[in-house]
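Here the structure comes first, spelled out in structure tokens, and everything after it is commentary.
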Amino acid sequence: MDMGFFVAMAWKSALIAGAALAFAFALRSRAAADRALVLRIGVAMLLALPLIALFLPALQVVAFSAPAPVPGPTLPHLSDAQIAALLASAPASSPAPAPTIWDDPTPLVILAYLGGLAMVGARLLAGLVTLRRWTRAARPVTDAAWVAALDRVRWTAPNPDSIRLLAADGIRSPLSWGWRRPVILIDPDTLADAEDAEAILAHEVAHIARCDWPALMLSRVAATLFWFNPLVWMLEREVVQQAEEAADREAAERVEPTRYAETLLGLAQINALVPANNIAPSARALARRIRAILDRSDRPQDSVWTAVAVLACIGLATPVAAMQLVAAAPPAPEAPAAPEADVAPEAPDAPAAPQAAAAPRAPHAPHAPHASRVVVAGQAIEIPDVDAIVRSALASVDPHEIDRAVRAARVQTRLSAADRARIHASIAQARNNRVPRAQIEAAARQAAAVEAQLPAIQAQAMQSVRLAMASSGTGMMRGADSMEAGARRMEQQAAQMRDPAWRAQAIERARQRGDSVTDQDLLEAADGLEEGARGMRDGAREMREAARRMRDGRDLDD
């Protein structure tokens, strides 16, 4: 696994979770059981995502074009004899710097992911241990009213004889958990009041009949694997919400809906870390559940639109899981033009200086995919591959990831506003139905609590965007540093060539070997090196400024 694998898992999981939430929202006029089915399909595709990405053939999609190669500076051409004559005066090249952890941050990313995975997984394991401890300490319910109520509702489950009804002292509200041998745990306060026994047991048996606890566990496992993705956590919460609304529908058919809503208001919420189906609503879900219970409209179930949404979710998630974004093939490098043959100097008739060789035409610099070495006047000059440096720096900049984080922030803001509107509508509906004043005040308090959470949600979303931009800016900074280092080396070589004493020594060594190198040739080579260094410094300065803006979040603020 490398950085590319984690980036792919991030955007693929966000796309699959977002699609499942969108399809479930499209079915808001259908029964809660239909929405729960679509969300379960999304959870299943998330769990299959790593396996598909690792073991199945990739579906490569060209998502962006490769950057055009940047031509290097044009230098005067020197013959092989001139290069051999001046090679002895070339200084030894400095050793390459040792690689650091920032050159390849993959080990740090893996450690961070494993740390988060261990923390979230430990929380899930602690919840399961708590459930087992409560169950072992519980005792069978012997109250005749509760036993009779269970006998009336247990037959909706596929295996009614396997259901166990126990009383537990450590819990504060009824809950159910388990798959092959499901357990319904009743708290002491609820057990003492058998008036609502049938409604409570109908709710919990509905969870067992619909296999809601295995679905809950799978959604918790998906949230553990993709703990870094807020959309996956939203999907997990929505799976729980739709399961509770579907079970509420079953319970409301056995008792009067307003009475059942009052029962929900009187129940206490257990620790949300415990992975169990709990009848007591959380503060965030209370208004939605009460509104759904008091809604008397007939919502169709198992309709054609539900089948279409399920197929669309599978049809979208499957190719996304196998998709691999690649860049278009870069253009083929141009072949360098063949240099003209050097003109040999004529033999002198008198002890005069030989004629200077005609300056050959400089060939076009080939767009090589790696750093090139040019020897000018005995100097081995390493010209950095600017194209490769820019591509390496831009590879860490993922505009799609930043766009997705911004869109996720906007979606969370819209969802929070929608939650407030639905809570106010629930309060108005409660007043129309002459709901007791205590219930109205409780709903108002829940509305205030949800509104208080809105700034935290927005801040969390914006923080995710800033972190993504800061990571991309760090990669661009490293690319700018590489360009600065290459520019310094070129300027050092040019400064050496502008030294008259050095040029005189180089020309003399060439003359002793029968070669001709003029002072003008060396000055032109120095001009070319300085021009290339200025271009690299300008590019590094622009890249560094862009990196600072991304790390400081100024592009986001604009």
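In case you wondered, yes, glycine gets a Cβ from its N, Cα and C as well.
Computed from a predicted structure; not experimentally measured.
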So which range, 332-370, 410-448, gets flagged region 'Disordered' in TrEMBL?
332-370
State, in range form, which of 6-25, 110-131, 304-327 has the highest count of Cβ pairs under 8 Å to the transmembrane segment (37-59).
304-327
Residue numbers, six or more beyond the limits of the transmembrane segment (6-25), whose CB comes under 8 Å of its CB atoms:
35, 38-39, 41-43, 45-46, 49-50, 53, 109, 113, 226, 228-229, 231-232, 234-235, 238, 242, 309, 312-313, 316-317, 320-321, 323-325, 398, 400-401, 404, 408, 411
Note the mean pLDDT of the domain 'Peptidase M56' (46-293), expressed as a whole number.
82
